[in-house]
Amino acid sequence: MSFQYPLLAPMTNSSVATNSNQPFLGQPWLVEERDACGVGFIANLRGKPDHTLVEQALKALGCMEHRGGCSADNDSGDGAGVMTAIPRELLAQWFNTRNLPMPDGDRLGVGMVFLPQEPSAREVARAYVEEVVRLEKLTVLGWREVPVNSDVLGIQAKNNQPHIEQILVTCPEGCAGDELDRRLYIARSIIGKKLAEDFYVCSFSCRTIVYKGMVRSIILGEFYLDLKNPGYTSNFAVYHRRFSTNTMPKWPLAQPMRLLGHNGEINTLLGNINWMAAREKELEVSGWTKAELEALTPIVNQANSDSYNLDSALELLVRTGRSPLEAAMILVPEAYKNQPALKDYPEISDFHDYYSGLQEPWDGPALLVFSDGKIVGAGLDRNGLRPARYCITKDDYIVLGSEAGVVDLPEVDIVEKGRLAPGQMIAVDLAEQKILKNYQIKQQAAQKYPYGEWIKIQRQTVASDSFAEKTLFNDAQTVLQQQAAFGYTAEDVEMVVVPMASQGKEPTFCMGDDTPLAVLSHKPRLLYDYFKQRFAQVTNPPIDPLRENLVMSLAMFLGKRGNLLEPKAESARTIKLRSPLVNEVELQAIKTGQLQVAEVSTLYDLDGVNSLETALDNLVKTAIATVQAGAEILVLTDRPNGAILTENQSFIPPLLAVGAVHHHLIRAGLRLKASLIVDTAQCWSTHHFACLVGYGASAICPYLALESVRQWWLDEKTQKLMENGRLDRIDLPTALKNYRQSVEAGLFKILSKMGISLLASYHGAQIFEAIGLGAELVEYAFAGTTSRVGGLTIADVAGEVMVFHGMAFPEMAKKLENFGFVNYRPGGEYHMNSPEMSKSLHKAVAAYKVGGNGNNGEAYDHYELYRQYLKDRPVTALRDLLDFNADQPAISLEEVESVESIVKRFCTGGMSLGALSREAHETLAIAMNRLGAKSNSGEGGEDVVRYLTLDDVDSEGNSPTLPHLHGLQNGDTANSAIKQIASGRFGVTPEYLMSGKQLEIKMAQGAKPGEGGQLPGKKVSEYIAMLRRSKPGVTLISPPPHHDIYSIEDLAQLIYDLHQINPEAQVSVKLVAEIGIGTIAAGVAKANADIIQISGHDGGTGASPLSSIKHAGSPWELGVTEVHRVLMENQLRDRVLLRADGGLKTGWDVVMAALMGAEEYGFGSIAMIAEGCIMARVCHTNNCPVGVATQQERLRQRFKGVPGQVVNFFYFIAEEVRSLLAHLGYRSLDDIIGRTDLLKVRSDVQLSKTQNLTLDCLLNLPDTKQNRQWLNHEPVHSNGPVLDDDILADPDIQEAINHQTTATKTYRLVNTDRTVGTRLSGAIAKKYGNNGFEGNITLNFQGAAGQSFGAFNLDGMTLHLQGEANDYVGKGMNGGEIVIVPHPQASFAPEDNVIIGNTCLYGATGGNLYANGRAGERFAVRNSVGKAVIEGAGDHCCEYMTGGVIVVLGPVGRNVGAGMTGGLAYFLDEVGDLPEKINPEIITLQRITASKGEEQLKSLITAHVEHTGSPKGKAILANWSDYLGKFWQAVPPSEKDSPEANGDVSLTGEKTLTSV
């Protein structure tokens, strides 16, 4: 049987394009603005408050300018500010002029207030503020107008400038300090609720004050004249420079906030806001009245930024009695599990364990700098994703910041240079005049209460019990009936559940999703299918769930959540689960445990589509009443009482049930009183679990999925497959455990792609976008979820449920329906990439002859069949709902721009050589170069032979230069115009970067955004290994994030790096469409990118988890229109060229993309089809039958494609574009880009599910009909004047480059000198390639080097630095030497201090680095060939290494060698704790037994001493026999038989493969 929806009446323009039930377009913090920054503090313990410290804070702020951003006017800053102590000496002048006595110390409260500019509104605001202050029994002393110089502001900042005044208040005797701050906090909260428009209180305290504004950092002190006044003194300062993805100045969003300066992004914000809103109804703390606590609410607000909300949560804890340090520990906890260092501090683990059951972490990259005036401190997130460097002087002066070297302190006075490691804190107790280090801080907080005892007594843990093996149903037919009724299809069982049970991992697939969106499909879909997973890109990074799993957890807690504000033993009364998937045995244990459990059925009597809404209302009412009656756990179950669902019964979809109950309990103020468990038949894939947890479920029992596993294992066919060896033999318990393991691994991946470590933080966070759900439904059950195009009502959902129900009743077929959602099948779901489409295209491109003089009729006929096939398709994509709306008469084709002009806008997708065969990859490149278009190298480097222009092609189209290709012409080149820089940095060398016209930073991939990649060893041939600087057969891992891009300012730095090495190449950034991409793109434009590429969710892939292909990302139509709109609104559209890709197949697609704002167009899968791909959909198996996507030699020989076929395809596309332009009456694509007024909603479309779609978000773009100036882009953006320009301008340097001679030069550096040496490297590589330069240039530097010092260094270059360096030293280093030593006057021991930052030697393809000191996190991450000696490192050292040699002469952090598949590393372990810090998944740790290994180690240390004079190195060499036994050697499997690791192996000459 095949079930289809009945077609509804055709849509009309009005019913689709407009809808009174307006869709929700997203929270402001998601779609309007994200931010990042540079942040830090300065404190002086011993001295009195002075003005010098304030001056130094302003200077430090100025040194962070490159971490900030500016508005479209390039002058108005995104925000800068300082927090200091109250400047009493300055304010004394105000009191003196008024003959007022100045209140003592902490009896004076000062509010820094942004008031309306309009005088009458200002008076109203002042009066209300004074009224509220007096109600708090405080005395208003007066208002002080803050002196400012508005002339220094940018145009936009000036237009939005508030009137700035300070209100001065005092309190009665006995009310000072903390009590005064409490009253000011209450007053400010009350004031803020009424005066929200054009009004903001920056700070209101008796201890701290905040000066901030929408200015550049160097302007802050010029604007606020107070800050330059010698009477402005302080003993501490917190400073912050903001980079916003928006350009509309908003003064209140500058930082610091009231307590906090935040660098990073909270990924879990919506969940944190929802849970904090739930807590507001139950706030209770001794010493506070209920009325006072209610006055504080709402504490958080969806309209505010992540930093603002985190500050608000932090302030609640601080003002109710916690120190800022303890509050930060609660809200942003460290990863205390799997932390060897905490074994000596069990109380700290107990503290975090206790609060893990009360407070979900605010998760995401974060350097927090905070102060309440008594304490000033800083803390880092659990993953250490922001830099934090500090130094301490001998007279207890401490400077901490995002970069080293921002304050110029005498080197002789510095006693310590350090960094915060992941989860660590440092603080200054200003009252006690003490510097507090990490464990001292945490012990102090953890020992206040017996948290460990409370947990031991109160908490119950549900162990992972064995699964029930007894089947629920007696016969297979009943199972099929239940599966059908609950929405299973044959593919769900065979391609999802069975692989999970048999293999213990999620199924992998390829080629992307080419089926209709759920709301557009004529097939029934589950409610889950309307939700698209969001993911991290640019503003925060994804994380690696495999290699960095030690910081992740799926643990969940059941029961009532206790009072966050007052620790009590009973708050630990919870049940802890290892993961949210509970089996039947575990569910029963929960029901019989210590907490009150109640079941609520989600079944209802089937009585038409309206019966679901009635059942839902009843469910919500029952849930509320049950919780009010004392239930602590609510089990929402769709298990029928009679064991099976009957013909007259249906069920509320579990996602709808849990979302509705979750939100209605929040609204009723009951959510924290009970946890929700979902006991359901309709949950089997990882996406289903993620949705349920994301909308409020704490645990899920997928009873029908578990039953499906049992039935599969018991099936005779399964047993026979195991008997004959076609399936691995496993028993039933193993199959059930495999299923659980697969779900858990999939959940880790879904969390990690958003950059979230803990499921507790994902819980209720709603990190999805709904596509196709109506506003009423969303508000009812999924409030706060973006749903831009509207869609289904509750009745429509009921209709889908009934369709599935109709498959099972009254009579079930003999097998489950196969709708072909994954694999194409005749009669199944429509697939854009079908065999029919492929065949017609193959015929067209084969028949077309360039210059055919009118003889191409047959070719055009075939192309017309191809075009019609796609034109007449069922509605599949959002663009299919639109049609052209010409506003002028058609013109003749001769008047339209040429094919040759149009094809220059075309690009191929970034498909790697590794995913594609060499033949297919080079064929695409040659074709695009013939067209004057652009091919993309993808990840993996490129053979230098491809940079040649062919001049040896014979009459048969063959060339000895590229003998494996056919159909060649003289003048061809296989050089990819676009060179991709992906997270693995494989083959990214100076020569590679210099050979590109564009350099593409791949932030995400359409088919698997937020995920990394892995090229299996079997695909790494000798040729691939040569290109990627690896060894054949070694698995090559591309991390999920770029490890030098954790935020928008990090991306700006990489863009800067690429512009630095190749100033003639454009830099593009590839993003994937998701809600909020517009504001991300605005940040990318401000980060100085030249091109932004928006990929749709339907992009192709060589291999990806099936759940990612189907459920991650959004359509490019939503992405392109959002980006175009935001860039236009922010006056940034002229800065970047916009490119669209994802499922483009015809000229009609190109014109649609152009009308929506795209200027260039990417083609991936379809270009492969044009060269011969037959859509076999086996890319992920390495068995492509036509040699397109395989590395197997025998299969590659089957490749028959020639460049001409691809050329022909793009000519067809361009001709179609021309005909459509003529039809619209326009002469060029430039004339129609961004012109959505030329689009209208189709009136002839018939959708089967809803008439409630609204396409306003696609059609309502800024009117650009007249103003087209934004299409005029600067060819390549500049970095402006840089130190390298001065170096290159030196005649001696020019002489050395041009004549390969020797030159030595000396320069001073500061931290704003970034990417030093790289432009010199590019100039050499352009002339000589990677290895051809035989001269030698030595550059000596002194000072604090900015980021990316020595990036892409080349052979023949030596950089020697006295001082210190920030992050990314030696990034992409290809050769030469980098030497870094402390300043000559430094008095500290180098081996105990930090000298270089995070992520150094990232992706190095050669060279040597010697650093006389310690490095930060992720040293030598993805190192390919580089060698280095350092004297200590942070976490994740040598992560993903594939080659090279690393020596560490000091302590390291945890997770050493994670994902390390090649190379060797040596670690000096004087403490004996290295084994517990190693990630043992791949590498083996062994002592050095091979003589070649000892020789290698000693020679590198010897070289280190020669270059740096290292005292530690000298001591080791002087006592070699004593030290040798303390070294460990980390050896991956690929190196176990190398002579350095294995003394039994003789040294043989290594084979070197060169390009062929």
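Every residue, even glycine, has its Cβ placed from backbone N, Cα and C.
Quick look at what Swiss-Prot annotates:
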- 37-431: domain 'Glutamine amidotransferase type-2' (DOMAIN)
- Cys37: active site, for GATase activity (ACT_SITE)
- Cys1173, Cys1179, Cys1184: [3Fe-4S] cluster binding site (BINDING)
- 1533-1556: region 'Disordered' (REGION)
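All chains included, 28 other C-beta atoms sit within 10 angstroms of the C-beta of Cys1173 ([3Fe-4S] cluster binding site). It is 47 Å from the Cα atom of Cys1184 ([3Fe-4S] cluster binding site) to that of Cys37 (active site, for GATase activity).
Annotation note: Cys1179 ([3Fe-4S] cluster binding site) sits in a helical segment as assigned by DSSP. Over the domain 'Glutamine amidotransferase type-2' (37-431), the average per-residue pLDDT in this prediction is 92. In this view, the densest Cβ surroundings among the recorded positions Cys37, Cys1179 belong to Cys37, judged by other Cβ atoms lying within 10 Å. A simple way to gauge crowding: the CB of Cys1184 ([3Fe-4S] cluster binding site) has 28 other CB atoms within 10 angstroms, across all the protein chains here. Geometry remark: Cys1179 ([3Fe-4S] cluster binding site) versus Cys37 (active site, for GATase activity), CA distance 42 Å. Cys37 (active site, for GATase activity) sits 46 Å from Cys1173 ([3Fe-4S] cluster binding site), taking the CA atoms of both as reference points. Cys37 (active site, for GATase activity) falls within a strand when secondary structure is assigned with DSSP.
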